[in-house]
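Undergrad: Got these off Swiss-Prot a minute ago, pasting:
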DISULFID  163-222  disulfide bond
DOMAIN    136-230  domain 'BRICHOS'
CARBOHYD  169  N-linked glycosylation site
MOD_RES   37  phosphothreonine
TRANSMEM  55-75  transmembrane segment
């Protein structure tokens, strides 16, 4: 704001001395003041600078929030991959064993021990079992897959390096969720409670050429190996020593009991 003042002019000079004397003395006169307000254009740069600084602050704040959110996302992914998935994998992997009475090999019941590694894939709905070489005989080492999506079971006899495929027997094999719950309940101990053994007999029927039709899980197990289909023998018969020469046994468990799978007519 600008302030401008003006002094008033003398109107006239009187002839007499009194008037001259009075006129010679300066008389107080009211000054005229004019107030000038600065033009609006002169104030705009100040407002523009303030507005620009506020917009810049908002941009920096937004960028900071984006960086913070990205950091939280990457931290969550890291924790999920390296902690949650690792814990989930540990919960789905079991190294366990079972004690059972062997009433098949001899007339005298002897106590046997069977160990196996079990991986249960709940989302994919299949089970993978690895039976190592038995310490006291009684069967071949094998890798077994129970694919509940395809309804198939595949046996990879490691001794023969051959694969055998048959329809999944749901009366013997527990579904992944039930089998997982069973193993979680006994995870505190090393072995399952002492149990018994049953026997099932399979017969080789035909060679399988198209392994991809068996599903991806069985395909990866049997790819590059001779693969045959099996048929479950309807009537059980006692396998004597002479007949057992043409059969291979795989002992495993996917339930509360042990199963001996005899694969006869092995090519």
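Glycine too: its Cβ is placed from the backbone N, Cα and C atoms.
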Undergrad: Using DSSP and collapsing to three states, where does residue 169 (N-linked glycosylation site) fall: helix, strand or coil?
TA: coil
Undergrad: Across all chains shown, how many C-beta atoms besides its own are within 10 angstroms of the C-beta of residue 169 (N-linked glycosylation site)?
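TA: For residue 169 (N-linked glycosylation site), the 10 Å Cβ neighbour count is 15.
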Undergrad: Would you mind checking how many other C-beta atoms are within 10 angstroms of the C-beta on residue 163 (disulfide bond)?
TA: 23
Undergrad: In whole Å, how far is the residue listed as 'N-linked glycosylation site' from residue 163 (disulfide bond) when you measure between their Cα atoms?
TA: 17
Undergrad: Measuring Cα to Cα, how many Å separate residue 222 (disulfide bond) from residue 169 (N-linked glycosylation site)?
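TA: Residue 169 (N-linked glycosylation site) has its Cα 20 Å from the Cα of residue 222 (disulfide bond).
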Undergrad: DSSP on the domain 'BRICHOS' (136-230): how many residues come out helix, how many strand, how many coil?
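TA: Reading the DSSP string over the domain 'BRICHOS' (136-230) gives 20 helix, 39 strand, 36 coil.
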Undergrad: Taking all residues of the domain 'BRICHOS' (136-230) together, what is their mean pLDDT?
TA: 92
